[in-house]
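Chemist: Got these off TrEMBL a minute ago, pasting:
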SIGNAL    1-20  signal peptide
DOMAIN    161-231  domain 'DUF8021'
Amino acid sequence: MSLPILRTLFITTAIPMVLAFSSAFAAFTCNETALAIAADAYIAAQTAGDFDLLRPALSAHVLYVENNQVIDVQTDVLTQALKIDHRRTTTDLVTCATYIEIIVTNPANPYVIGTQLRNDDGQKITLIDTIASTTNSWRFNATKTLEYVLQEDWHPIPEDKQDSRETLLAAGDAYMNIWGNASAFDLVPWGTPCERIEGGDLVPDCRSEFDPEHATAPPVVHRRYVVDVSLEA
């Protein structure tokens, strides 16, 4: 099928990177229910601003990364109680990970957050990897982002029309290659139709607009993917 590079491409951060991971498979059977429980615990902790609510879901050894920096959990965005207007979770049973999209439109403390949770063979979280964008972040507008996101259709793709995991990973890489390389734009397998969300901006036709800002940005070198083939995400 003609590949929509993501059903809607959603970039949350001023830092030129995408939340992704290696394509290596987990060496154990991943439990979808356990991933959902961990994701719900993360949302509960973020809503309350209380990291302790997440502790039962954590491995004995857990790493917290925020905006590409390893930080003390006592100083991270999870310590802030946020009224979440939107959340969506993508589940990857191959790498035993989830990607959680959060939008907070509170004018006093708005956020657009993308978080990956990585689980171990005991179904406990070993890595919390967050990109948290807020006021003064690149193209930030949480209200506009929410408006666009709520128009998305995330029904599963019929199995006979799904692309392979490898195809989706290649599409993600093709898009990320735009940063620092203007010639990469024409190599992206844009779908028809295709739109993308970058910060609070909507590009209604992926092919029609190339922002020179991408070409002059540093290349995206640390990619950490969460893939759900059934959603082409």
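Glycine too: its Cβ is placed from the backbone N, Cα and C atoms.
Note that the structure is a prediction, hence the values are computed from the model and not measured.
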Chemist: Could you tell me the mean pLDDT over the domain 'DUF8021' (161-231), as a whole number?
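Modeler: So the average pLDDT across the domain 'DUF8021' (161-231) works out to 88.
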Chemist: Please count the residues of the domain 'DUF8021' (161-231) that DSSP assigns to helix (H, G, I), strand (E, B) and coil.
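Modeler: Residue counts for the domain 'DUF8021' (161-231) by secondary structure: 27 helix, 6 strand, 38 coil.
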